[in-house]
Amino acid sequence: MVPPRRHRGAGRPGVLSSSPPFRLRSAKFSGIALEDLRRALKTRLQMVCVFVMNRMNSQNSGFTQRRRMALGIVILLLVDVIWVASSELTSYVFTQYNKPFFSTFAKTSMFVLYLLGFIIWKPWRQQCTRGLRGKHAAFFADAEGYFAACTTDTTMNSSLSEPLYVPVKFHDLPSEKPESTNIDTEKTPKKSRVRFSNIMEIRQLPSSHALEAKLSRMSYPVKEQESILKTVGKLTATQVAKISFFFCFVWFLANLSYQEALSDTQVAIVNILSSTSGLFTLILAAVFPSNSGDRFTLSKLLAVILSIGGVVLVNLAGSEKPAGRDTVGSIWSLAGAMLYAVYIVMIKRKVDREDKLDIPMFFGFVGLFNLLLLWPGFFLLHYTGFEDFEFPNKVVLMCIIINGLIGTVLSEFLWLWGCFLTSSLIGTLALSLTIPLSIIADMCMQKVQFSWLFFAGAIPVFFSFFIVTLLCHYNNWDPVMVGIRRIFAFICRKHRIQRVPEDSEQCESLISMHSVSQEDGAS
């Protein structure tokens, strides 16, 4: 028997056999598997690290947001207390000096203090001194102030948001390409390549700085600058003055109606009837809509009807004053609520976005036009006999000044600050808290006794205001219409599946069941 022929170099050390290298190929495949396993473990570890870092950052940002929310709620509650105290102080002033027109004129004229911003605030002052910069000079001044402040990296980094770490996956790595299956191909040396980090850090620029950063990357043609400024820039001082001139009379009449109502009836009744301004706003916004949230729905209509029923119960409630004076005070309160609704709806149609209008400048011009244009009303009311002009004494004058500075100038600023810290919805809901606070104040200070009709009417007014605010927030939600549709569908479905008893003569089978059963048995 001839032994098998031995290949050359088969038993020598250091010499590879010419037979298929199964051992080398298995080692190569095991190395690839170990590399894939190592890459998978590294990716999983990076994902865990990313999750931990993002979790820590979200907790820090959430804590900051909770602090802002808590501060905003405290400020709004403080505003409610100021407004109730202002109403009580106004009622006290009217017992000594019953001049609603003088009180309204003095308080509204104190808005002119906001115009001191042209002396204190540099962008306002530059709108008047830099006429060559164009009608949007204030915007360029804000941009220059931003670029001057952001000259260091520390200032820029402090304005950025918290870092967010996101894993990066490179799809074009050579290791992810399929390996060659050719056995005879020699192993090629690895090429040197740049290795990037598998984690990407993301920071967001604040919205207040994003616009200036965009302008810095744009060219200088006037048309491009003008188009971007018309889109996102604030209104100029001239435009704000024109809007203030139009709304000066509406604002004054609304506040005059409120002061007249306070001179005729209790503070609680005035505040409850004045809270219906949100419902009048709903009706006017449906007629003159400014956005999709002004859509009229059946749920909002039922809330308005509920509020009207509460207003009727409030007017039927007895009080210490004569019924005629309470009726006049209720009419003044409703008139003030309607005028305030007209003011809100029209200013929303005039200004498409709230950030375009400088609120302190707006109120400052309202006070200025009120001071310059409405002073002839003293002569008109004096000679017609509606309100005799008489200068108040020192005590009453001091009360009017304090009430105007705190209850008008300061409270408006605090309310806007609270809305910025929380939201406009929470700020609107906070206005309704003046109703129970005013009731408690009337019971404690003036010893006013209200019947059960008053509380039975106050609850629907407060509840309907809350419902309308909630429905305006969810502008596409109409639960009443959805419920009616479901009930109608349920009733129609029950009628459709219900069968009427029939006689045996009226029923006829097209296929004989006996024949069908026989065919099934034969098969």
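All residue numbers here begin at 1 and follow the chain in the order shown.
In case you wondered, yes, glycine gets a Cβ from its N, Cα and C as well.
Mapped onto DSSP classes, the domain 'EamA' (252-316) shows 54 helix, 0 strand, 11 coil. As annotated by Swiss-Prot, domain 'EamA' applies to 252-316.
Swiss-Prot lists SER207 with the feature phosphoserine.
The transmembrane segment feature in Swiss-Prot is assigned to 69-89 (among others).
Here the transmembrane segment (101-121) has long-range neighbours at 90, 93-94, 128, 251-252, 255-256, 259, 360-361, 363-368, 370-371, 374-375, 377-378, 381, 387, 389, 392, 400-401, 403-405, 407-409, meaning same-chain residues at least 6 beyond its ends whose C-beta is under 8 angstroms from one of its own. Annotation comment: Swiss-Prot describes 101-121 (among others) as transmembrane segment, evidence class sequence analysis.
Beyond the ends of the transmembrane segment (243-263), by six or more residues, the same chain brings 87, 90-91, 94, 98, 100-101, 103-105, 107-108, 235, 270, 273-274, 329-330, 332-333, 335-336, 339-340, 342-343, 346-347, 350-351, 357, 362-366, 368-370, 373-374 to within a C-beta distance below 8 angstroms of the stretch. Annotated transmembrane segment per Swiss-Prot: 243-263 (among others), in sequence order.
Sequence-distant contacts of the transmembrane segment (268-288) (same chain, six or more residues past either end, CB-CB distance under 8 Å): 84, 87, 258, 261-262, 294-296, 300, 303-304, 307, 310-311, 314, 319, 326, 329-330, 333-334, 336-338, 340-342, 344-346, 348-349, 428, 431-432, 434-435, 438-439, 441-442, 448, 450, 454, 457-458, 461-462, 464-465, 468-469, 472. The transmembrane segment annotation in Swiss-Prot covers 268-288 (among others) and is backed by sequence analysis.
Residues or ranges marked as transmembrane segment by Swiss-Prot on the basis of sequence analysis: 296-316 (among others). Cβ atoms under 8 Å from those of the transmembrane segment (296-316) belong to residues 269, 272-273, 276, 279, 282-283, 286, 326-327, 330, 334, 453-454, 456-461, 463-465, 467-468, 471-472, 477-481, 484 of the same chain, restricted to positions at least 6 beyond its ends.
Per Swiss-Prot, the feature transmembrane segment maps to 327-347 (among others); the stated evidence is sequence analysis.
Sequence-distant contacts of the transmembrane segment (361-381) (same chain, six or more residues past either end, CB-CB distance under 8 Å): 101-102, 105, 108-115, 117, 124, 237, 240-241, 243-245, 247-249, 251-252, 387-389, 412. According to Swiss-Prot, the feature transmembrane segment maps to 361-381 (among others).
The feature transmembrane segment is assigned by Swiss-Prot to 395-415 (among others).
According to Swiss-Prot, the feature transmembrane segment maps to 420-440 (among others), an assignment based on sequence analysis.
Swiss-Prot lists 452-472 (among others) with the feature transmembrane segment, giving sequence analysis as the kind of evidence.
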